[in-house]
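Here TrEMBL flags Cys175-Cys185 as disulfide bond. If you look up TrEMBL, you'll see 6-43, 89-125, 128-166, 171-210, 211-247 marked as domain 'EGF-like'.
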Amino acid sequence: MTNGADIDECKVIHDVCRNGECINDRGSYHCICKTGYTPDITGTACIDLNECNQAPKPCNFICKNTEGSYQCSCPKGYILQEDGRSCKDLDECATKQHNCQFLCVNTIGSFACKCPPGFTQHHTACIDNNECTSDINLCGSKGICQNTPGSFTCECQRGFSLDQSGASCEDVDECEGNHRCQHGCQNIIGGYRCSCPQGYLQHYQWNQCVDENECLSAHICGGASCHNTLGSYKCMCPAGFQYEQFSGGCQDINECGSSQAPCSYGCSNTEGGYLCGCPPGYFRIGQGHCVSGMGMGRGSPEPPASSEMDDNSLSPEACYECKINGYPKRGRKRRSANETDASNIEDQPEIEANVSLASWDVDKTAMFAFNISHISNKVRILELLPALTTLTNHNRYLIESGNENGFFKINQKEGISYLHFTKKKPVAGTYSLHISSTPLYKKKELNQLEDKYDKDYLSGELGDNLKMKIQILLH
């Protein structure tokens, strides 16, 4: 009060009566506090009221005082009810707030764990009972006990199956169900036996008939090879031979006498094979090819040695799928073109007079010389054609290497392939060319040939790819 005028402390004092309302009095003031607060002893400030100390207590279980209020809570195993002060039991099992391995049983304020049959309780965990070790005869003498979590199963030995109880094994009559016997079945305890037909034996361990390998018997095919089959066997001969049952050996096949002649220009049968000849003026070269370098203007191949020109000299280079010096067709031994075999020649049947048997050694280089001023693209350096009927119109000759400058090319006309000069102006020098061949068969055509012949025979029918070396001197 100044000069007798009252001072309104509620307006003058900052933040007076916090958490309450300030009421000005004459010469003083007092506070009216909010809920949860109470005036101090002076009545001029509001302090927190500790409701938890009041009677009756506001909470049924646990009370926690807060600034201006309080909070009720419940002990473990209980939850607060809607009124905010009383507690009710928490169902840990229904709310999945438990650590039980299998079964949960709710109790007031807690829960208990239980185990299903086949397990033993250990605190909150369940330990599996091994019934198989507890009773070794649980599945009987023909059964095998397998422990499972909380239980067990019985597995039966071969030839037995579980009965309706699932705990005992009984014999299976395989003869009434699925079995491997084709010629009679006899049931036995835990299995069955088969009756076997001729060509089969009962396996010493398995209850089934297995093939008897007749090829284990010595000399069953004589001089031929024995190939075992299911219930029987076959006597097989090398390519070029056929099995003769009465003699018990392999007899040579006369390929030249068959309706499907293998050679285009005369055929000469040999032991286990045959020889293909070439047209007059051609040399036999490689396996199934003919080459000529004669009558081509100024260029002519280097003539072979006298023994090579001898019609009686049967070079192995022209021997297709034949047997030379006692070697079979497959893996035959190569001979030099200079070698002759008198005994082999004497046994050969006569070949047509207009067929050439002269041969050119495929390992030898054919030499040609030309005057560069006299050559043109019409000059034929070399002529090539297949001797095998299977290669006729199904073969291509090509320059494999040595033609980097493009001075030479091979054209085919009416089944004959010609090596000649191109229109490109050549340069003097020596050119070494490698000539090769490749069979031309579509997949469908090969399939048809394989249906007609077996694959081993077909690989021979197509011959070997030609590999020829020539040297051309341009001067």
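Positions of Cβ are set from backbone N, Cα and C atoms, glycine also.
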For Cys185 (disulfide bond), write down the residues of its own chain that are at least 6 apart in sequence and whose Cβ falls under 8 Å from its Cβ; none is a fine answer. Glu174, Cys175, His179, Tyr192, Arg193, Cys194, Ser195
Hey, which bits of the same chain come close to the domain 'EGF-like' (89-125), Cβ under 8 Å, at least six residues off its ends? 75-79, 131, 149-151
Test of understanding: give the count of other CB atoms lying within 10 angstroms of the CB of Cys175 (disulfide bond). 15
May I ask you to report the DSSP-based helix, strand or coil state of Cys175 (disulfide bond)? helix
